[in-house]
Amino acid sequence: MAEESFYGVTLTAESDSVTWDVDEDYARGQKLVIKQILLGAEAKENEFNVVEVNTPKDSVQIPIAVLKAGETRAVNPDVEFYESKVTFKLIKGSGPVYIHGHNIKDDVEVVDMEEDDEEDDVAEDEEDEHPKKRAKIENAADGKNAKNNKKK
């Protein structure tokens, strides 16, 4: 069973960046799940507030929320960050912007998903080859029978 805890941070003009990092002392899989990003009630009217995420492990640096008082006060990105340090930064606006979600520590060891995907692809390719061969054989048999039936 996984250990789950609440994660919440506030970004403002004075404190515009926060970083979440995996617990090095925890040997099993960890992930951060961001469920919602909210614009605070004190936010200035007609000011865009843009939150950017940066994951150095995957070289990702992209805005994940654009909020504006009077228009969009909340987004539900439902994004997950596995085994990677993540930095959230308020790159435009003065906030406050609230980010919350879950920090999940698995009891099961994390397996490299890319290796599993490659193994699955190979197995699927092998399965796909056999039906195609059977179909060709069946079609060839049908074709011969059809010609023989026409000659009679």
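The backbone N, Cα and C atoms fix where each Cβ goes, and this holds for glycine too.
According to Swiss-Prot, the protein carries these features:
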- 109-128: compositional bias 'Acidic residues' (COMPBIAS)
- 136-145: compositional bias 'Basic and acidic residues' (COMPBIAS)
- 109-152: region 'Disordered' (REGION)
- E45: site 'Interaction between pentamers' (SITE)
- K68: site 'Interaction between pentamers' (SITE)
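When the Cα atoms are compared, E45 (site 'Interaction between pentamers') and K68 (site 'Interaction between pentamers') turn out to be 7 Å apart. DSSP assigns E45 (site 'Interaction between pentamers') to a strand segment in the three-state reduction.
Cβ contacts within 10 Å of K68 (site 'Interaction between pentamers'), excluding its own Cβ and spanning all protein chains shown: 17.
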